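First the structure, in the form of structure tokens, and then the observations on it.
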Amino acid sequence: MTTRAQAPVGVFDSGLGGLSVLRAIRAELPAESLLYLADSRHAPYGEKPPEFIAGRTLRVCEWLVGQGCKALVIACNTATAQAVHLLREQLAVPVIGVEPGLKPAVATSRSRVVGVLATESTLRSDKFARLLGNVSGDCRVLCQPGYGLVPLIERGDTHSPAVLELLRAYLLPMLEAGADTLVLGCTHYPFLQDAIREIAGDRLTLIDTGHAVARHLGRTLAAAHLQATGAAASPRFLSTADVLPLQAMVAALLGEAPMAQRIDIGDTAVPPLASHQ
């Protein structure tokens, strides 16, 4: 096994939502070391111009490659939609993106009405338009931007009256239109599953693509002979903003109490990250 295979996989999101993907990767690929980076200083990406999203995503991913990551998982639907092709052109490591799980939703739906809850940027992207055209078939697809949800989740708020009020506004019209399946089209939204269940009960089957992304990563690493062996180190957690929300979310989601590190990734070259003790 090469030293390169023992290098970490970088997992990147605009904020904390990608922790749902990191959890799935740890379950599927326990030997892989993971470096999680939350660009929380600039979250949420979903309300920013496409040019900013693409440029910022490339800058952060260049930095992760500079830290020695052997592969990257873009655990952010918005960043994937706006930048994944650019990343694959510019970076010399495998890049795995995420996209709304519309294909499994269409296969699952019995009513042939599917809801998609995602950021406005994802829903407006050419990548999503192509996905919709390719897989929707005879399904009616109801697309709803999740305005206001990501900032609440970034603060650790996943079940407050404010969250429930927004979710009711977004989900009740889908239910009234006959939707029986809901695509969680942002990696933040799996944290809302309990709140969604409170509103919809068992009327909606929820589609979360975290484990599909993890399996795709595993296949990609195997094809490139980059699979790690042995016991992985604990994940490292980095943020471009206050680390306390990241630490709190990791504790709640993974049952761990990590010491996250704050970093600065500007528009110009930055020094390498200090070695982790």
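Cβ atoms here come from the backbone N, Cα and C positions, even for glycine.
Record features (Swiss-Prot):
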ACT_SITE  Cys76  active site, proton donor/acceptor
ACT_SITE  Cys186  active site, proton donor/acceptor
BINDING   Asp13, Ser14, Tyr45, Gly46, Asn77, Thr78, Thr187, His188  substrate binding site
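A map of Swiss-Prot features onto the structure.
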residue : record                 : Cβ contacts under 8 Å, 6 or more apart
Asp13   : substrate binding site : Leu19, Val21, Tyr36, Leu37, Ala38, Asp39, Ile74, Ala75, Cys76, Ala79, Thr187
Ser14   : substrate binding site : Ala38, Asp39, Ser40, His42, Ala43, Pro44, Tyr45, Gly46, Cys76, Thr78, Ala79
Asn77   : substrate binding site : Val98, Glu99, Pro100, Ala118, Thr119, Thr122, Gly185, Cys186, Thr187
His188  : substrate binding site : Gly15, Leu16, Gly17, Ser20, Leu149, Val150, Ile153, Glu154
Legend entry - Chain-mates of Asp13, Ser14, Tyr45, Gly46, Asn77, Thr78, Thr187, His188 with C-beta within 8 Å of site centroid, substrate: Gly15, Gly17, Gly18, Ala43, Pro44, Cys76, Ala79, Thr119, Thr122, Val150, Cys186
Inset, instruction - Could you check what DSSP calls His188 (substrate binding site) once collapsed to helix, strand or coil? - result: coil
Legend entry - Neighbour tally for Tyr45 (substrate binding site), based on other Cβ positions within 10 Å of its Cβ: 27
